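Participant: First the structure, which I've put down as structure tokens, then a few questions once you've had a look.
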Amino acid sequence: MAVSKYIDFVDLVDGWSEQSGELPLLTLRRICDGAISGHFPEGTFVLPNGEPIDLLELYWAMKREIGAHAPIDRDYGTKLINRIIVSKSGIRRFCEQHGVELPPGVRSLKSSLRRLVGKPRHLGPPDCPGGPAAAVRREAIDWATAGLDTSEYLIAAAQHSIERAPERELDPCRDHGPKIEAGDEPGQPAKPGEHGREWKIVDTAARPAFEVITEPVQVFDSQSRRSAGRPPGSGSYQAGDLELVEEMRADILAGKHTSIAAAARARVSRAAGFGSEASKEKRLTTRYSERYPA
């Protein structure tokens with residue numbers, strides 16, 4: 001029988017906690033601090049179907065579990081933690097790089113022999129002081145990306161809304177000068193350049209000295225465009241987003257998706273805007289947390 005390449009996340013927390021003698025919640029915090037700081041290889045934390053975990057969402061779930069504030073529903077965070085599985089190869093890489101004893105369920109004959117040569121410095125994951133700062137940077141990047149996508153949308157909307165009026169509409173008499181000059185009426189011999197000069201005189205006299213022809217420009221008032229209750233940088237898609245949020249809510253309650261990010265990811269193709277799929281997913285995730293706070 002093939003040995004599984006993964007271990008349940010809760011078993012990892014309990015195993016390291018028992019091995020090191022640390023409290024389970026402290027071990028949970030240290031693992032999540034290390035994950036958000038990039039100390040675990042990419043793809044270490046996944047769902048049973050292989051879907052990758054949003055590490056910021058995992059960090060929020062940990063914060064709710066230990067009793068701290070985070071923009072995520074506590075029940076949802078607990079379910080997420082219970083669903084996650086962890087790659088054993090990712091755990092081994094983490095332990096090798098940080099001198100940590102392998103937890104139960106991940107050890108092998110090779111690791112036992114290696115332990116005889118060099119004893120690990122830690123029986124469990126060490127403290128990671130940079131975890132909170134890494135989480136703040138990750139949140140800032142996500143919000144900045146969403147704001148940039150919103151700016152790109154507004155610029156594109158402005159470019160499409162500005163209609164360039166034809167020159168003849170701005171000056172309907174301008175095209176008649178060449179026609180008069182090219183005319184060849186009977187009894188009136190053509191004098192090249194004469195009518196053209198006369199037209200320029202009439203044209204100049206008809207215009208005030210201060211006249212400046214400008215193209216109509218639509219001015220966007222960011223305050224008037226921003227609907228009540230819409231946070232800055234989230235774009236002008238609130239109505240459409242809320243419809244998708246209700247669908248996400250129904251799917252999560254029905255068990256079709258195990259995370260808010262997964263439900264949002266399934267709907268990025270229907271989300272409005274010109275942004276990337278990642279920014280749309282984050283926007284829908286934020287909308288969901290705002291509409292259904294803990």
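Each Cβ is built from the backbone N, Cα and C atoms, and glycine gets one as well.
TrEMBL annotations: computationally assigned, not manually curated.
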Participant: With TrEMBL as the source, which of 79-105, 268-294 is set down as region 'Disordered'?
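Facilitator: Of 79-105, 268-294, TrEMBL gives region 'Disordered' for 268-294.
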Participant: In the compositional bias 'Basic and acidic residues' (278-294), how many residues does DSSP put in helix, strand and coil?
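Facilitator: Residue counts for the compositional bias 'Basic and acidic residues' (278-294) by secondary structure: 14 helix, 0 strand, 3 coil.
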